[in-house]
There are 2 protein chains.
Amino acid sequence: MTDPDPDPTVGSLTEGAILRRILEVLGPSSAPVGPGDDAAVLSIGDGRVVATTDTLVHGPDFRLSWSSAYDLGWKAAAVNLADVAAMGARPVALLVALAMPDETRLSFVEGLADGLRDACTALAPGCAVEGGDLTVSDTLTIAVTALGSLDGGAPVLRSGARPGDVVALAGDLGHAARGLAVLFDRFTDADGNPTPLQRDALTGADAAAVAAQLRPHPPLALGPAAARAGATAMMDVSDGLALDATRLADASGVTVDLERAALGDDPALSLGGGEDHGLLAAFPAGMALPPGFRPIGRVRERADAAVTVDGRPVEGRRGWDPYRDWDSGRG
Amino acid sequence: MTDPDPDPTVGSLTEGAILRRILEVLGPSSAPVGPGDDAAVLSIGDGRVVATTDTLVHGPDFRLSWSSAYDLGWKAAAVNLADVAAMGARPVALLVALAMPDETRLSFVEGLADGLRDACTALAPGCAVEGGDLTVSDTLTIAVTALGSLDGGAPVLRSGARPGDVVALAGDLGHAARGLAVLFDRFTDADGNPTPLQRDALTGADAAAVAAQLRPHPPLALGPAAARAGATAMMDVSDGLALDATRLADASGVTVDLERAALGDDPALSLGGGEDHGLLAAFPAGMALPPGFRPIGRVRERADAAVTVDGRPVEGRRGWDPYRDWDSGRG
């Protein structure tokens with residue numbers, strides 16, 4: 001007789017056994033109908049629901065040499081919660097579709113669930129995982145849907161910025177991208193393949209930047225605060241400030257003029273670096289910004305360039321995206 | 001100079017270009033905020049939203065030798081719409097997260113969008129794709145979230161069946177499983193690998209069964225109808241009647257006794273075959289069943305067996321699931 005494996009693979013377990021363990025980790029649901037039926041029933045508060053979905057795929061979006069299961073659960077939650085907050089809404093629930101190889105360990109699934117739960121608690125109190133799906137795949141894939149409530153308010157769209165508005169930001173710029181650069185610089189082999197992240201080897205700014213990349217803490221409660229304060233437009237900065245400000249400018253039919261002085265020591269990184277998931281918003285001139293937002297520019301009448309810095313055009317392209325080059329090696 | 005490729009790969013296109021094409025295929029949104037912002041805003045009608053997610057993964061869940069892009073879009077919509085309907089709710093919106101290899105053709109994405117749109121129109125009029133996400137993956141993966149409205153009614157759970165209730169079914173039993181058996185019998189090579197489906201080679205019942213497997217038409221409008229009529233419990237039959245009736249019986253603390261005479265010519269297939277996505281429901285005795293439901297048994301006081309046929313226990317295990325054995329070959 002052999003002892004049962006203390007950390008069995010998911011391929012050796014039934015779906016029901018894996019699900020029970022996940023639900024234990026997540027804790028009890030306070031939804032009208034939580035996990036376990038055909039669908040969840042959630043209280044949304046008024047007659048509208050805000051809904052968004054975003055997927056993390058092993059390879060293009062993360063590497064297991066660098067991200068722990070907890071990091072992945074946290075980040076999968078954070079990037080979706082950010083999209084809800086960027087509408088001015090309060091996140092209410094997550095649905096998590098998890099596709100994973102048979103050889104995945106149960107402890108990995110538990111770590112993911114830990115990260116999902118803790119990110120909700122830290123970034124969007126009151127939000128919880130209320131449903132999901134488990135399936136087998138050769139490629140580890142985490143597809144999260146986030147739902148939110150406007151609590152009677154109007155959604156804040158990308159299209160509402162008006163000339164004269166103040167452009168403001170809550171959260172970091174270029175921090176997560178700097179962390180990714182540290183990972184590529186210090187934790188790859190001669191062929192460019194990822195090697196295990198040694199967190200102890202990192203100190204100071206490098207450690208903080210890597211943490212921002214792997215486990216972002218965007219100030220999401222400021223999304224509803226901005227909506228209540230009267231933000232005219234808002235979006236989350238996921239693909240870099242230059243590109244996302246271009247999207248906001250194009251949707252609003254305006255030009256966004258950023259101040260060089262607001263872009264920090266490394267303006268190229270601040271403009272091009274993605275994945276910080278801070279909130280970019282426009283507010284009517286003359287009003288006090290909600291605490292946590294800082295002014296970074298002005299909305300102007302539409303000119304040739306969608307985005308300028310101190311009046312000079314910048315190109316709104318993606319700064320740097322090494323993941324797209326990642327092919328099929330495992331890491 | 002060469003002409004542009006009339007059917008480019010998604011890897012040669014920007015995400016924006018792919019998305020524009022998808023939105024053209026899907027047609028205009030009638031949601032308060034449709035695709036294009038950080039999140040969609042949907043009208044739900046009362047203070048609650050029904051939410052569910054389900055994923056189709058190439059390999060375990062479908063094979064490209066057998067399913068067209070249109071089939072996949074249709075089925076991904078249908079299986080999620082069925083879970084909403086099984087709560088007694090009216091589907092309102094789908095969010096679709098699509099992870100696909102770079103070499104995927106644009107026409108494949110268009111076919112998927114066609115299938116998603118047409119399944120909504122046919123199975124849940126008024127429901128549409130209102131958001132989504134595009135990402136790169138080595139494994140083609142379609143993660144769909146469906147949202148629905150209870151329109152002021154109570155959700156119909158698995159747990160409400162009471163001794164004396166009539167057990168009723170709307171939709172087919174074993175039809176989709178028979179179609180899968182036809183595919184494995186006739187469209188695999190000597191090593192068991194899938195070979196291209198030749199639809200012309202199929203006639204009569206075989207053709208209908210394969211269609212039921214690849215493009216199911218469950219009677220989903222009967223979900224809200226059952227709720228209004230007073231169904232005490234309901235769920236969709238996705239994993240076979242025996243297993244799903246066991247789930248309903250366990251959730252309700254009862255035994256479900258099925259009638260052998262209601263299980264057709266091949267009771268084993270009717271009990272074990274999954275993927276028909278019909279609606280299994282319990283109704284108080286003596287009431288007229290909503291049109292489209294037929295009686296198939298009775299709810300009894302809980303006995304040792306969760307499910308019986310003419311009073312004799314049946315095992316509630318999955319009948320047949322060859323996909324789980326599928327490994328890594330492409331087909």
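In case you wondered, yes, glycine gets a Cβ from its N, Cα and C as well.
What TrEMBL says about a protein is an automatic prediction, not a curated fact.
Look at TrEMBL and you will find A:D38, A:D83, A:D236 tagged as Mg(2+) 3 binding site. In three-state terms derived from DSSP, A:D83 (Mg(2+) 3 binding site) belongs to a helical segment.
Summarising the annotation, TrEMBL assigns Mg(2+) 4 binding site to A:D38, A:T52, A:D83. The Cβ of A:D83 (Mg(2+) 3 binding site) lies under 8 Å from the Cβ of A:T52, A:D54, A:A146, A:D236, each of which sits 6+ residues away along the same chain.
Positions annotated as Mg(2+) 1 binding site by TrEMBL: A:T53, A:D54, A:D133. For A:D54 (Mg(2+) 1 binding site), the number of other Cβ atoms no farther than 10 Å from its own Cβ, over all displayed protein chains, is 24. When secondary structure is read from DSSP and collapsed to three states, A:D54 (Mg(2+) 1 binding site) falls in the strand class.
Taken from TrEMBL, the feature Mg(2+) 2 binding site applies to A:D54, A:D83.
Among the features that TrEMBL reports, substrate binding site is placed at A:D61, A:E275, A:W320. Using a 10 Å radius centred on the Cβ of A:D61 (substrate binding site) and all shown protein chains, the other Cβ atoms total 24.
Here the Cβ of A:D239 (Mg(2+) 5 binding site) has 20 other Cβ atoms within 10 Å, regardless of which shown protein chain they belong to. Look at TrEMBL and you will find A:D239 tagged as Mg(2+) 5 binding site.
Annotated domain 'PurM-like N-terminal' per TrEMBL: A:36-149, in sequence order.
The region 'Disordered' annotation in TrEMBL covers A:312-331.
Note: A:D54, A:D236, taken in sequence order from the binding-site residues A:D54, A:D236, A:E275, have a C-beta within a distance under 8 Å of a chain B C-beta. Helix, strand and coil content of the domain 'PurM-like N-terminal' (A:36-149), in residues and according to DSSP, is 35 helix, 47 strand, 32 coil. Per Cα geometry, A:D239 is the residue among the binding-site residues A:D38, A:T53, A:D133, A:D239 nearest to A:E275 (substrate binding site).
Here A:D239 (Mg(2+) 5 binding site) is positioned 13 angstrom away from A:D61 (substrate binding site), judged by their C-alpha atoms. A:D239 (Mg(2+) 5 binding site) sits 28 Å from A:D133 (Mg(2+) 1 binding site), counting Cα to Cα. Residue with the densest Cβ environment among the binding-site residues A:D38, A:E275: A:D38, by other Cβ atoms within 10 Å. Cα-Cα distance from A:T53 (Mg(2+) 1 binding site) to A:D38 (Mg(2+) 3 binding site): 19 Å (rounded to the nearest whole number). Candidate binding-site residues: A:T52, A:T53. Fewest other C-beta atoms within 10 angstroms, A:T53. Cα separation, A:D38 (Mg(2+) 3 binding site) to A:D133 (Mg(2+) 1 binding site), rounded: 11 Å.
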